Amino acid sequence: MISKLSVNPTFSPSYNIIVDSVLDFSHILEYVTNKQVLVVTNTTVAKLYLTKFLAALVDDLDVRTCILEDGEQYKSQQSLDKILSTLLENHFTRNSTVLVALGGGVIGDITGFAAAIYQRGIDFIQIPTTLLSQVDSSVGGKTAINHQLGKNMIGAFYQPKVVYTSIEFYKTLLQREYIAGMAEVVKYAFISKDFYLWLDSNRDKILAKDSVTLIEMVKRSCQIKAQVVAMDEKELTGARAILNFGHTFGHAIEKCQNYRGLKHGEAVGVGMAQAIDFSHYLGLISQQQAKDFKDFIVSFGISIDFPNDICQKEFLEAMLLDKKNSNKELKFILIENIGSLSLQKQSKNELEQFLDISR
């Protein structure tokens, strides 16, 4: 069973997302028309899928691999340099090269950024192997590496040629990673009331990992993101900002833990709860709404407990570095109801007062 949908960005060529019930890498062969292929993956995914992927490629391709360490802390300049050096050392050229990102969000982000900047842009293909990367980071063209002062601070908007994935990847996905991915899925439920109702009615099948339901879940999640990206590919109008619900708080959590604590999706889960509480604090929603929204998150096995190893001062400083901020104004994605999120400006003092009473 294959599900296919199209992403139509504002400024870039359209491309397909292919969601497969089985894992069949041959589906990307039509997109590997270049003669030089560099497969970027990590040590964990390489052991599981690299051999199978390489076996699917045709014989006349010049195929090389670049295997990085696994973890958010390796989404770094050093890892980027390793990819670029591999390309240069093997004389890969702009018009004959395609990069393949075989892995989760870290691999997709860093490979996409390498593709964006190598010789001013080369083709790349996304093969996301985690639920989180399937529904979020592989779609929409955001590519980046982290800086010691903030997450995703060095990056570019750069779209792939195609996204191919399969729910068969879940067979080797740790339960913790699966639940982390569910946080991004649940985020879309707050953007779309229809999807909120669909998730609510299919919760048991999702938690049981029913294959037909999971394909539909991934497809619907990607459709929501694709619709937003089509309106505002490069965050010029503000429409795309709603995709960052939970991320302002979540990114600050990751930064404070040096990217070695909560997984990205876990941090987003906590971040959504923080954004909900902040919305209640500002009078945008009632106490009952805040409880219902947070209960919905938790019902999918997602923890919303704020880490107790983060000091408020450090957390506040991390939030001040958020990319949405401008002219020292803090910007947050806040909720007024299911399907009603908005980008709002708030003062540093307002945030400090909220943090004081919420800890």
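Positions of Cβ are set from backbone N, Cα and C atoms, glycine also.
According to Swiss-Prot:
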BINDING   70-75, 105-109, 129-130, K142, K151, 169-172  NAD(+) binding site
BINDING   E184, H247, H264  Zn(2+) binding site
**Report entry** Spatial neighbours of G105 (NAD(+) binding site) that are distant in sequence (at least 6 apart) but have CB under 8 A
**Finding:** P128, T130, L132, S133, D136, S137, S138, H264
Query raised in the report: Closest of the binding-site residues to H247 (Zn(2+) binding site), Cα to Cα, picking from D70, Q73, F169, T172?
Result: Q73
Query - Close in space, distant in sequence - F169 (NAD(+) binding site), Cβ under 8 Å, 6 or more apart - result: L23, Y49, P128, T129, T130, Q134
Report task. Among all chains shown, work out which of the binding-site residues Q73, T130, T172 has the most CB atoms within 10 A of its CB. Result -> T130
Report summary line: Quick tally, other C-beta within 10 angstroms, H247, H264; top of the binding-site residues is H264
Query raised in the report: If you draw a 10 Å sphere around the Cβ of G108 (NAD(+) binding site), how many other Cβ atoms fall inside it, taking every protein chain shown into account?
Result: 30
Report task. Express the distance between the Cα positions of D70 (NAD(+) binding site) and E184 (Zn(2+) binding site) as a whole number of Å. Result -> 20
Report summary line: Excluding E184, H247, H264 themselves, the Zn(2+) site's Cβ centre has within 8 Å the residues L132, D136, A183, K187, G246, G250, G265, A267, V268, G271
Requested in this report: In whole Å, note down how far the CA of G108 (NAD(+) binding site) lies from the CA of E184 (Zn(2+) binding site).
Outcome: 16
Query raised in the report: For the binding-site residues D70, E184, which one has its C-beta crowded by the most other C-beta atoms within 10 angstroms?
Result: E184
